[in-house]
Amino acid sequence: MADIRTYNVVVLGIGFLFIFTAFTTCGNIEQTVVKSLNGTNFTGSGYHSLGIIYGVFSFCNVLAPTIVAIIGPRFTMFFSGILYSGYIAVFIIPSTWSFYFTSVVIGIGAAMLWTAQGHFLVENSDASTINRNTGLFWALLQCSMLFGNLYVYFDWKGKTEISDKDRKIMFTALLVISALGTLSFLALRKVCQLEDALSEEEGQSLLSARLIYTQRATSAVTEAKTEFKTIVELLKTKTIMLLSFCMAYSGLELSFYSGVYGTCIGATTYFGDAAKGLIGISGIVVGIGEIIGGGLFGLVLKNNRFRRTSVVFLGMVVHFVAFYLIFLNIPDDAPVVFQTSSQHKPYLAPSVSIALLCSFLLGLGDSCFNTQLYSILGRAYAEQSAPAFAIFKFIQSIFAAVAFFYSGYILLKWQLLVMVIMGFIGTLCFFMVERMQNMSADTQEF
């Protein structure tokens, strides 16, 4: 039994590694690729597409648990993987309608995929293995930021324009990678629990199978209603209200490091022929920052409640330093230019070293905020963790969607200013919640 569960967790991690190697790389280079299509009939925006994905994802999280409960996590993940692959395939022969249609579809698929992943991970873990299995899965997932971006660097190095041939080769490769990840879900094996008993009943007659699935659907709908009511109640609590500012900031900076900053580097004229290849290197360095931060702050400082505020404060400082250096190093019009290169001059002569340092700081700071948000939510809502995390993902995704929509219209300095203001308010609110939690713990001990 233990061997089957470990096998399932490894296969699950490998499947996500492949799918998100393709999708993360796609998101990083998407706006740059879209700008290269200006001479065609294609009129889509990579920022708008990512905004649609996160917006649909946030709302579909409410319905996803019901779907997973009815059809099961394995089939849900396989079906969702097909939707991810379909989105990537659109870039091979792009058209505006299919681009936006698959953006909506992949938002739905993302909600189902992540809900099924959590369900399947818990199903294959117990109290003694949940931390190990979660760590193993996330370690494999974070590596997805490395491999695809490394391919971008070697394939685009020295190219000032992305040709149709370059685009088709790149996204065909990403499509194959995503398809392999999707197919790997078929290798997941059932854990011998309730499914064995159900399979005996299902073998008796077609009618009994229908009754079983009807019962599953009824139970899932009832649970969904209960969870929705819990979410509404939690939204009224002071803790969630305060933490919502920090969650919102995590959404803003998520959109910036995952889609906007790479586009800015690729549009910086001063980087010359190296600009497009640097998008890949930037994605790799962001991933390194995430992995180091996640390992250090998610595991080493995991059980020390007094360190949470220190880690979040460090995350704020690291991000503010990165924002200031980006303000000085990157042209102000880099995220909004319709041509493939910026026209404005930055305050300093753009430096590749500073640009990549900022990539690392963005990844490191993001891991500071996310690990501690997960930690404080897990502590404050130990008995209501699922609804609390659902609220987190909802708020984070909504603000990521909003940020993607305005990123193509607002100059870089104003985008950075919005993140500085929200980051400061979010950090302050996090400190207030941590103090409330500590005072509550001290009162209970007394």
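Residue 1 is the first one shown; counting continues down the chain.
Quick reminder: no glycine exception, Cβ is built from N, Cα and C everywhere.
Annotated features in TrEMBL:
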type	residues	note
TRANSMEM	7-25	transmembrane segment
TRANSMEM	45-68	transmembrane segment
TRANSMEM	75-93	transmembrane segment
TRANSMEM	99-122	transmembrane segment
TRANSMEM	134-154	transmembrane segment
TRANSMEM	169-188	transmembrane segment
TRANSMEM	239-257	transmembrane segment
TRANSMEM	277-299	transmembrane segment
TRANSMEM	311-327	transmembrane segment
TRANSMEM	347-365	transmembrane segment
TRANSMEM	386-406	transmembrane segment
TRANSMEM	412-433	transmembrane segment
Contact ranking winner - 7-25, 45-68, 75-93, 134-154, 347-365 against the transmembrane segment (99-122), Cβ under 8 Å: 45-68
Sequence-remote partners of the transmembrane segment (386-406) [C-beta within less than 8 Å, at least six residues beyond its ends]: 47-48, 50-55, 57-59, 61-62, 114, 227, 230-231, 234-235, 240, 243-244, 247-252, 254-256, 259-260, 373-374, 377, 380, 415
Ranked first among 7-25, 45-68, 277-299, 311-327, 412-433 for CB pairs under 8 angstroms with the transmembrane segment (239-257): 412-433
Folded-back contacts onto the transmembrane segment (45-68), same chain, C-beta under 8 angstroms, at least six residues removed: 27, 30-35, 76, 99-100, 103-104, 106-108, 110-112, 114-116, 119, 217, 220-221, 223-224, 227-228, 231, 251, 255, 258-260, 263, 390, 393-398, 400-405, 407-408
Leading contact stretch, 75-93, 169-188, 277-299, 311-327, 412-433 vs the transmembrane segment (347-365) - CB distance under 8 Å: 277-299
For the transmembrane segment (169-188), distant same-chain residues with Cβ under 8 A (at least six beyond the ends): 8, 11-12, 14-23, 25-26, 29, 33, 74, 77-78, 81-82, 84-85, 88-89, 91-92, 120, 148, 151-152, 155
Which of 7-25, 134-154, 277-299, 412-433 contacts the transmembrane segment (311-327) most, counting Cβ pairs under 8 Å: 412-433
Same-chain residue ranges lying at least 6 outside the transmembrane segment (7-25) that approach it to Cβ under 8 Å: 77, 81, 84-85, 87-88, 117, 120-121, 124-125, 133, 136-137, 139-141, 143-145, 147-149, 151-152, 174-175, 177-178, 180-182, 184-185, 187-189, 191, 258, 280, 283
